[in-house]
Amino acid sequence: MKNTYTSSNIKILKGLDAVKKRPGMYIGNTDDGTGLHHMVFEVVDNSIDEALAGFCKNIIVTIHDDNSISIQDDGRGIPTDIHDEEGISAAEVIMTVLHAGGKFDNTSYKVSGGLHGVGVSVVNALSKKLELFIYRDKKIYYQIYKNGYPKNTLSIIGYTKITGTKIRFWPNLEIFTNVTQFNWEILSKRLRELSFLNSNVSIYLDDAKKHINENFYQQGGLKEFIIYLNKNKKPIHSKIFYFSSKKNNVEVEIAMQWNKGFQENIYCYTNNIPQQDGGTHLSGFRSALTRTMNNYLDKEGYIKKNKINIIGDDTREGLTAIISIKINDPKFSSQTKNKLVSSEVKSALESLVNEFLMEFLLENPQESKNIVTKIIESSRVRNAARRAREMTRKKGTLDLIGLPGKLSDCQERDPALSEIYLVEGDSAGGSAKQARNRKNQAILPLKGKILNVEKARYEKMLSSQEVTTLITALGCGIGKNEYNPEKLRYHRIIIMTDADVDGSHIRTLLLTFFYRYMPEIIQRGYLYIAQPPLYKVTKNNKTRYIKDKNTMENYKLSTALENTILESNTDKEIKIKCNYTLKKIISEYKIIQTIFFKIKDNFPLNILNEMLYHPKLNNLNDEVYVNNWINNFVIQLQKKSSSTRNYSAHITFNSKDKIFEPLIKIQKNAEVKEYKFDITFINSYEYQKIYSLGKKLQEMIQKNIHIKKNNKTYSIKNFQKNFELLIQNSFKNVLIQRYKGLGEMNPEQLWKTTMNPETRRMLKITLHNIDTTNKLFNTLMGDSVEPRKLFIELYALKASNIDI
């Protein structure tokens, strides 16, 4: 076969064609949502550049119903005059020419952001449609683009007193796949971040689809950012260290505070763009921090008195810091700007941090004492951990040559083809060992709940047998000097626990361990959660496995509706087999059951059920109407209730809203309880949903409709009772087994349902928002009780998967 390679093979992609051909080079991943959201941030960064130049105070980001998004600012507005070189408007040049903009002449913007330095032209190229509005010179200019090409010239469509730019774009869903919807959490995180970094700039985010909005406006700047990041932590000093200064044309702004935790959280920004991999600003900060703290400790006699040596890790334990620099023409290691390599930044950071930190330590003796105490304790613990590690090595516990005895290893030696199951308990571990494929599946049983590493110090973690066994089995070591993810022995680590509360707890403890000490395993996509079935269903000698409670409920519903019809005694035409109407009503009823559970503290269940069979309560201004409504309600309630309870109807006058509100009193022996239908409940989402289903049921009752299956009829009048009876009768000859533990399955079942690559289901653990994840682990797994209590109080009623 002849293979020629000549000049004809060299393709020149002109204009924005290169962007469309290789979008990932310019905007990031187009499948996982990264690139989609970077489109928004590219436009927002232009508005922030206007703010940095002193011309913009307000930015509005709106997610529209049609999945388009708009960004509007009150800056100067994109220039509209004709560009000398291109012969078209400057606005059109910016929208259609790569690397065209005001940031390249060093006069319009002294410093600027922009994640990839390609700006809004790339956003235009990757949009199905884009609308440009410019408010400038008391005129409104408008232009529309389709797939990156202008459909009209920039024209005046009106007049205005405001200035600024508005860009609305519709992403091209042929380019952006998988994740195609804008995510509130991702957008709000970045916009909140920008509001802290640029104090006194208001950034308003509005989601028209979900009807939620938030205004990000921070006057406190980086100090307020530190307070936000340390919200669920316990700071050891109240005064936040902060300075803003300039050296060698590098503007440096730093804020930091130590807390009682053990994690180091340092966030680096250059011209508002985050650097996940740090760079010269981070290395300059770290070296200055270590040197300054050592100088202070030596000068004050702490080192001699305590006979210690302080290293960088000691000074950064429990430290939350923000490093924000602004520099003209920064240099990065790659197009994505994840690491700063500008050499002049390091010396500027070292000099300024040394100067201002030493001043802070000398002027705040009590704060300094708390910080020094923390650093000395960290040094002692580090040395104790080193001695403990050396001791365990001598005993062979952490010797990576010898694997733990509990591990049943696989034959495969290629990590990419190997997987390890972390199994809850020896019993399930035994079944898993028999079920596995020995060629590439290893089994490590874990006894009981492992240590909560969020609360424990490093040396305590190393003393935990289950943790050290796990570390040894994985083979990648632990700790800053010994941890090497390249030595990981398995590229699939599968957590397999029981489907009960204890199993969830063990799974959470393991996730905490991996997130805090081996985050690269998560970032590389090596961590999974097995999905063993919760139910085994046997029907007509056929067995099927059902993964969870929701799937089981759907299975019960579909089984109950087999050969089921709706009939009417008065209207013979109403006869629908496996009908959509009944499915829809039952689905609504399931939602109502969830609502009943959430508001059961406000009303007893029998009152909530009775609401389904009464007309909507409205016209609260009419006392006679309200009185009749509540009296009819109580009469029906009393008929269906036991004789031990006495119900009475009352109304109360709400003087504030000038309305009448019905009230039910329930008396049992000497105890009397009151339940009021107040205006807040009547206007609530919950009551509207109850009424919506109730209206449908009442219409069916009026038409004498009933449910019929296998010559049995079920009345609509007591829907809850008869629906449950329908399901009960449908499952008379069906055997349902609920697995509480993995040990209840024999090896064959475990292989078939959970371990066979051909049939198993697994959840892959991914990491998107580091700040949110940090806070979640700190809140739920940390040693502060109050934030956890507030979290539970806030979200308890939203919980649906509760194991009772």
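Glycine residues also receive a Cβ, built from the backbone N, Cα and C atoms like all the rest.
Quick caveat, the model's predicted, so the values are computed rather than measured.
Now, the feature entries from Swiss-Prot:
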- E424, D498: Mg(2+) 1 binding site (BINDING)
- D498, D500: Mg(2+) 2 binding site (BINDING)
- 418-533: domain 'Toprim' (DOMAIN)
- K449: site 'Interaction with DNA' (SITE)
- N452: site 'Interaction with DNA' (SITE)
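Per DSSP, the domain 'Toprim' (418-533) is made up of 50 helix, 21 strand, 45 coil. There are 14 other CB atoms within 10 A of the CB of K449 (site 'Interaction with DNA'), with all protein chains counted. Each of the binding-site residues E424, D498, D500 was scored by the number of other CB atoms within 10 A of its CB, and the lowest score belongs to D500. Regional average pLDDT for the domain 'Toprim' (418-533) in the model is 87. Counting every protein chain shown, 16 other Cβ atoms lie within 10 Å of the Cβ of N452 (site 'Interaction with DNA').
Nearest by CA distance to K449 (site 'Interaction with DNA'), out of the binding-site residues E424, D498, D500, is E424. Cα of D500 (Mg(2+) 2 binding site) to Cα of N452 (site 'Interaction with DNA'): a distance of 19 Å.
Straight-line distance linking the Cα atoms of E424 (Mg(2+) 1 binding site) and N452 (site 'Interaction with DNA'), rounded to a whole number, equals 16 Å.
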